[in-house]
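I have placed the structure first, in the form of structure tokens, so that the comments after it can refer back to it.
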Amino acid sequence: MPNKSSATSMRSGHIAPVVLTILDGWGHREENINNAINNADTPVMDALWQAYPHTLIEASGADVGLPDNQMGNSEVGHLTIGAGRIIQQELVRISNTIRSKKLDQITNLSNLANKLIETDKTLHLVGLCSDGGVHSHINHLCGLLEWAKNKGIQKVAVHAFTDGRDTPAKSSLQYLKIIKEKFEVLGIGELATLCGRYWSMDRDNRWERIEKAYELLTNPNYPLSELSSDEIITNSYDSSITDEFLEPIRLTPSYLKDGDGLIMFNFRPDRARQLIKSITLPSFSEFKRKYQPQLNVVTLTQYEMDLPVSVVFPPESLDNLLGQVISEHGLLQYRTAETEKYPHVTYFFNGGIEQPLPGEKRHLVPSPRVATYDLSPEMSAEKLTKSCQEAIESGIYSLIVINYANPDMVGHTGIHAATKKAISTVDKCIGKILDSTGKMSGTLLITADHGNAELMKGPDGEPWTAHTTNPVPVILIEGEKRKISGQGNQIRLREGGGLADIAPTLLEVLSLPKPDAMTGSSLIETIQTNSKTNLVQQHV
């Protein structure tokens with residue numbers, strides 16, 4: 001029987017919920033220039049920042065288990081928020097293995113190498129080629145090329161997805177140069193195809209995009225380009241097509257054939273799943289596959305359970321996460337987001353667990369079907385807000401988690417005017433969430449998972465489409481039934497925190513114990529005001 005807490009005492013009437021509102025990509029930067037957040041009309045957030053306890057916390061680098069100065073991202077951010085601790089991320093885990101020359105010791109990689117050598121087949125290395133560090137890292141590709149050379153694999157083809165989203169929009173030439181230089185040093189490898197990530201890394205069930213990438217990789221009759229990779233990219237720039245949207249191009253006769261090996265070196269699952277499903281699942285039916293090569297497929301990480309692939313770095317199990325604590329105390333929780341961020345408030349927030357927890361209700365709001373979100377900067381925020389208000393006012397949920405995708409998804413387009421509109425849309429929605437939470441005497445905690453929209457141009461004056469390393473805001477609006485402050489004291493939020501401190505803060509508001517595994521600490525400090533000298537007590 002789960003332990004009950006004082007939080008359940010409200011079951012006799014309506015529960016006063018704690019509402020965690022995550023503003024995806026809403027970072028903090030003091031400068032106003034090229035800052036879509038500061039330049040937007042945000043009366044609600046401005047008023048809340050002035051009137052309620054607030055602070056800035058770190059959401060990048062070592063504070064979320066990434067290398068120093070590595071920008072945060074949605075997967076890492078939601079995982080850290082949900083876990084209440086800093087977790088070594090896959091980027092670091094894989095990089096450490098490559099740096100210490102331990103790829104040779106991984107059994108499934110050795111098995112693949114032996115099979116390819118015995119059958120004289122080709123190894124295809126497929127993935128995003130940049131140093132963005134969000135979905136992949138070019139150092140991992142270089143490490144795999146060195147591993148292939150050491151193992152004696154002679155035929156190696158690289159299928160490069162160009163970035164321009166987690167990196168500057170026109171930066172792919174520098175990464176292709178690194179790859180080509182690696183080929184020359186090692187004496188193996190060829191650049192077989194190029195494809196913008198827009199086509200190969202969709203996560204919104206735009207299967208017509210994935211189909212184009214699939215055809216590029218599998219069709220033996222796909223036309224070969226007569227131009228070099230550099231010429232193709234330069235011509236694309238001249239036509240105002242940046243790296244993210246580069247049309248699929250085949251450079252050499254190498255394509256996926258029966259018996260070949262494939263290593264997909266993206267480590268983040270959400271934008272790798274759809275393509276790998278189309279390549280590996282016999283029952284796949286989202287589009288007609290004329291060619292279905294039988295391959296030996298390896299992925300660096302687990303993209304989804306039960307895929308017919310071998311995984312190099314299986315997930316490390318996590319327990320005592322925020323969602324689990326809520327569930328184990330017999331309380332109900334509600335998670336909602338639109339399509340683009342739905343996995344983040346569910347799968348990632350729960351530490352990589354697909355299935356809902358006992359008492360966890362999930363609600364998906366479809367994202368608009370547009371080519372890029374600058375065409376619809378409001379996205380589905382209004383529908384999302386309405387569904388969340390209904391959950392808040394139902395009076396049955398103790399914890400509600402909502403993600404607003406607009407600052408991040410529109411920020412990624414690099415279009416300042418559209419991003420300002422996205423920010424203003426979210427600001428209005430926060431006002432509605434605040435009203436509903438207030439009706440229920442609940443508590444609202446507003447934060448973000450990483451920065452983005454606060455920087456719209458880079459130092460070179462080009463659009464900045466990537467995330468940032470800037471801190472993110474936290475605002476706590478106490479409800480009457482969830483007050484920590486009271487007679488003779490008030491609260492403030494301490495400085496020096498990170499995303500790992502959000503879960504402990506929420507547990508304190510919910511009057512639930514913090515598990516030992518949660519090494520984060522509550523951001524709440526109580527200021528005793530009933531004496532001449534204020535006494536600050538940190539809640540840990």
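Just so it is clear, glycine is given a Cβ too, placed from its N, Cα and C backbone atoms.
Not measured: the values here are computed from a predicted model.
According to Swiss-Prot, the protein has these features:
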{"type": "BINDING", "residues": "Asp24, Ser74, Asp449, His450", "note": "Mn(2+) 2 binding site"}
{"type": "ACT_SITE", "residues": "Ser74", "note": "active site, phosphoserine intermediate"}
{"type": "BINDING", "residues": "His135, Arg165, Asp166, Arg197, Arg203, Arg268, Pro269, Asp270, Arg271, Lys341", "note": "substrate binding site"}
{"type": "BINDING", "residues": "Asp408, His412, His467", "note": "Mn(2+) 1 binding site"}
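Overlay of Swiss-Prot feature records on the structure.
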| residue | record | Cβ contacts under 8 Å, 6 or more apart |
| --- | --- | --- |
| Asp24 | Mn(2+) 2 binding site | Ser74, Lys341, His344, Asn403, Tyr404, Ala405, Asn406, Pro407, Asp408, Met409, Ala448, Asp449, His450, Asn452 |
| His135 | substrate binding site | Gly127, Leu128, Asp166, Met201, Asn266, Phe267, Arg268, Arg271, Ala272 |
| Arg203 | substrate binding site | Asp270, Arg271, Arg273, Gln274, Glu340, Pro343 |
| Pro269 | substrate binding site | Thr301, Gln302, Tyr303, Glu304 |
| His412 | Mn(2+) 1 binding site | Gly25, Arg165, Tyr373, Asn452, Thr465, Ala466 |
| His467 | Mn(2+) 1 binding site | Gly25, Ser60, Met71, Gly72, Asn73, Val134, Asp166, Asp408, His450, Gly451, Asn452 |
Residues close to Mn(2+) 2 site centre defined by Asp24, Ser74, Asp449, His450, Cβ within 8 Å: Ile22, Gly25, Ala59, Gly72, Asn73, Gly77, His78, Lys341, His344, Asp408, Ala448, Asn452, His467
Residue, out of the binding-site residues Arg271, His450, whose Cβ gathers the largest set of other Cβ atoms within 10 Å: His450
DSSP three-state assignment (helix, strand or coil) for His135 (substrate binding site): coil
Cβ neighbours of Asp166 (substrate binding site) where a neighbour is any other Cβ within 10 Å: 21
Cβ-based neighbourhood (8 Å from the centroid) of the Mn(2+) 1 site, residues Asp408, His412, His467 excluded: Asp24, Gly25, Asn73, Ser74, Arg165, Pro407, Met409, Gly411, His450, Asn452, Ala453, Thr465, Ala466
Number of other Cβ atoms within 10 Å of the Cβ of Ser74 (Mn(2+) 2 binding site) across all protein chains: 27
Number of other Cβ atoms within 10 Å of the Cβ of Asp449 (Mn(2+) 2 binding site) across all protein chains: 32
